[in-house]
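Undergrad: Sharing a structure with you now.
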C-alpha cells in the first residue's frame, strides 16, 4: 500500500507543480489565488479522486481509466468509451512527463544561471537548444531507471515520497525563517494582485486563471490505479493510494504555499525578467532570502537543488505510470504495433513501453524549439486531457451504470452518485476555464491554444475510430476464460 501511495504522491509532487507554476499564481491574483485557490481546487480534486477510488476498488487493473469506461459504459458502448478514455489518458500522461521533465531542465538552467553570478552578474543563460539537450538527458535517465526490476523501482518510489514530504517541511519552515523581510499575515491572506500587465481587470477572471497552478499540480494520481496489478490487495490498497496521495498533498502543498508566500515582499520584482533568476519567482525568493541574510545566495541554490531532485523523482514516477498505461492499452490492441509495446522482459517490466514513453515525451518537447506558445498548448493537454480521461468513467458510472455498478470493498455508498456528478461538473468547468484567453488583446502570441490542442486530440481519436478502429477494436480483451 505504501509503494502504491508513493507513486501517486510523487507524481502529484507539490514541490514540482507549485514551484513550476508559482509565477502563474503570483501574476493572476497573487496570495489570494495561491492560498485559497489551492484549497478550492483541492476540495474538488478530492471529489474526483473519491469517485475514481470507488471505481478502482471495483476494477483494479493496470489499464485503469479506459478499462473502467469499458465496463461501465455497457457492452454496446464499451469499445468506443474505452478507446476515447484510453487515448485521452495516455496522451495526457505523455504531456505530463514532457512538462515535468522540461520544468526540471529549466530548473537546472536557473541553478546554473544563479551559480555563475545571476542574470545581473554575467551568469550563464542556456539557449533553448541546451535546455532541450538537458531534457533529453533527463528522459534517458528516467528510461534507464524504469528498466530496473520493480523491487528497485518501488524503493525509488518510496524514497521519492519521503523526499517530497521532508523537502516540503524543510523549505516551508526554512525560507521564511531565513528571509530578512517577511510579508505580513494580512498580505498573505488578503492581498489580491490585479496588476498582471495582461489587460485583464475582472477579479473573478484573474482568480480563475490563478487556479491553473493548483489544478496542474493535483494531477497524476491515476498512477495508483495503473500500479494495481503490481499491488497486494489492490481492491483496497489502490483506492487508499489515490485518496491518501491527494489528501496528504493538499495539506503539505498548502503549508508550502504559505511558507513561500510569507517570503514574498515585492511581486513585480519577483516576476521581472531582469532579476537574478531571470523572472523565475521561487528561485529568486530562495536566492534573495539567503543573499540578504548571509551575503551569499548559495543556500538558496542548494534549496533549489532539493526541489530539482523532487522534480526528478516526479518525472521518474510519471514514466512508470506512462509505461503501465501503454502496456495495458497495447495489450488490448489499441496502439499501432501493439504486440511489440506490451512485451515484458524476464523481470516483468514492460521495457518497450518504457522507452516508447520516454521517446514520445522528448518529441513533444521539441515543439518548444519552434514556439513557446505551441509548447504551452502541448502542456495544457496534461491538465485538461488527463482530467477528461478522469471524468469519462465517472460519467458512465453515474449515468449508464447507475443501477448496474457493483461496488468493491471501498465504496461511497449512497453518496456515490452525488460525488460522481460533482466530479464530472468540476472537470467540465475547468475544461472551459483553462481554455479562456490569458491576455488581451488576443494575438497569435497571446492566444490560448489549449482548446486547439484538446479539440485536435478529440478530432484525431474520433476520426481514427470512425475510419478504422471501430472495425477491429473491441475494448479490453479477456485473456483468461471466465
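Including glycine, each Cβ sits where the backbone N, Cα and C put it.
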Undergrad: Transmembrane segment per TrEMBL: which of the ranges 126-145, 186-205, 206-225, 266-285 is that?
TA: 126-145
Undergrad: Looking at 321-344, 417-440, I want to know which stretch TrEMBL calls transmembrane segment.
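TA: It is 417-440 that TrEMBL annotates as transmembrane segment.
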Undergrad: Within the same chain, where does the transmembrane segment (446-467) have neighbours whose Cβ lies under 8 angstroms from its own Cβ atoms, ignoring anything closer than 6 residues to its ends? I mean 6 or more beyond.
TA: 80, 83-84, 87-88, 91, 198, 373-374, 376-378, 380-381, 384-385, 388, 431, 434-440, 473
Undergrad: Same-chain Cβ contacts of the transmembrane segment (126-145) under 8 Å, 6 or more residues past its ends?
TA: 97, 101-102, 104-106, 108-109, 112-113, 153, 156, 312, 315-316, 318-319, 354-355, 357-358, 361-362, 365-366, 368-369
Undergrad: With an 8 Å cut-off on Cβ pairs and a sequence gap of 6 or more, do the transmembrane segment (375-396) and the transmembrane segment (151-175) reach 3 or more such pairs?
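TA: Counting Cβ pairs under 8 Å (6 or more apart in sequence), the transmembrane segment (375-396) does not reach the transmembrane segment (151-175), since there are fewer than 3.
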Undergrad: Who are the long-range neighbours of the transmembrane segment (349-369) in its own chain, taking Cβ under 8 Å and residues 6 or more past its ends?
TA: 93-95, 97-98, 101-102, 128-129, 131-132, 135-136, 139-140, 142-143, 146-150, 319, 322-324, 326-327, 330, 340-343, 375, 378
Undergrad: Considering only Cβ pairs under 8 Å, which range in 6-22, 34-53, 151-175, 242-264, 294-315 makes the most contacts with the transmembrane segment (417-440)?
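TA: So the stretch in question is 34-53.
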